[in-house]
């Protein structure tokens, strides 16, 4: 069903949406290194499931155009972007000082093709925003994106470039207000920090809090200046299950949508909040996780779905495949079709896996206190934000481009900052193929607690522009 523009059809959640899906076949080849829990191969596994479940035929499949330096510098510091572009495994020993300055080397290693990886996943997220801005789809999906920890001038938590901030900045060209929702187990610190002082972006993060990376996201962190009460943090404890999660998610997000009235929503669908994640400690089922997607979809607001964390890769692929079906309004059957990664999903070969019997440390009383505190904060926004809401039509029309169209340059809005040079040269591919490694449980989680910004503070002003 082609609903035309952003006029989403009202009615039951099963109503079809026009969906754009961004995928680069090279993305699965990037390799963080032996033993590293972040595996871009999971994006390729997800894509294979989508293909064999027949979901690709229901979407416009697009190959993202790589983000350019100037596109990344809409948020990131010029010298940081220059560093990412130039650093290689061969030259890193000569740049020890720079590695330390930009927090690259341990959790965020230097690997072959690092910069082109960043360009690819950022290009998909901003490309999704461009499509939404022009009313060419109702929902845009980039499972390679969602890297929410990256800061203006440093890498953090496996993230180098913050594609989410870049995507939101693109959406702000068309929408007075944008909502960011984060269901990764880790706090969405990089996105919150970028928009901490503006009322044009509300950030809402549901995350594990207490002796856990990145260490931020206290319920009392609510924003600053014009952004006061526009940052919501929902701190959770180990073992939270579907029922407990939605005791918070649905009333809080329902109230956010009522009070904030965003023109577009960005939902980061980090899958490390699933039961059995290698680095996680929550107990959500795939259906419980996907219920967040279903709920946000039900508001009929332009929606950008992004990936994020997720380290038991067979479950990540299961989750994002099912959530693509939810976005489309297509029921995906539990029995998995045979495909090239079929052996990953044994012995049951099903899409869904049962949660564990781990203890839920989130008491009903604790959940109700958190819910009441956050609803109270939201009640203070009835007369906000300061920028009046006004829908306006797109200035230009972005042409439809399929993934196999050769001229990728025309994929972008001419008015977008995501423009391209005609004389650009292709970057030679020097990426190592992902080796299959066993998913061993890593109780230590991510290393360390990041320092907020290390003096590289960024503020987004009222127009949604970066203030240095």
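From the backbone N, Cα and C atoms, a Cβ is placed for every residue, glycine too.
Residues annotated as domain 'Histone deacetylase' in TrEMBL: 36-324.
As annotated by TrEMBL, substrate binding site applies to 107, 157, 311. All chains included, 21 other C-beta atoms sit within 10 angstroms of the C-beta of residue 107 (substrate binding site).
Residues or ranges marked as active site, proton acceptor by TrEMBL: 149.
Under the heading region 'Disordered', TrEMBL lists 383-468.
The compositional bias 'Acidic residues' feature in TrEMBL is assigned to 397-407.
Here TrEMBL flags 422-455 as compositional bias 'Basic and acidic residues'.
Working note on the recorded positions 149, 157, 311: by count of other C-beta atoms within 10 Å of each C-beta, 149 ranks first.
Only 157, of the binding-site residues 107, 157, 311, have a C-alpha within 10 angstroms of the C-alpha of residue 149 (active site, proton acceptor).
Note on the domain 'Histone deacetylase' (36-324): mean pLDDT across this stretch is 98.
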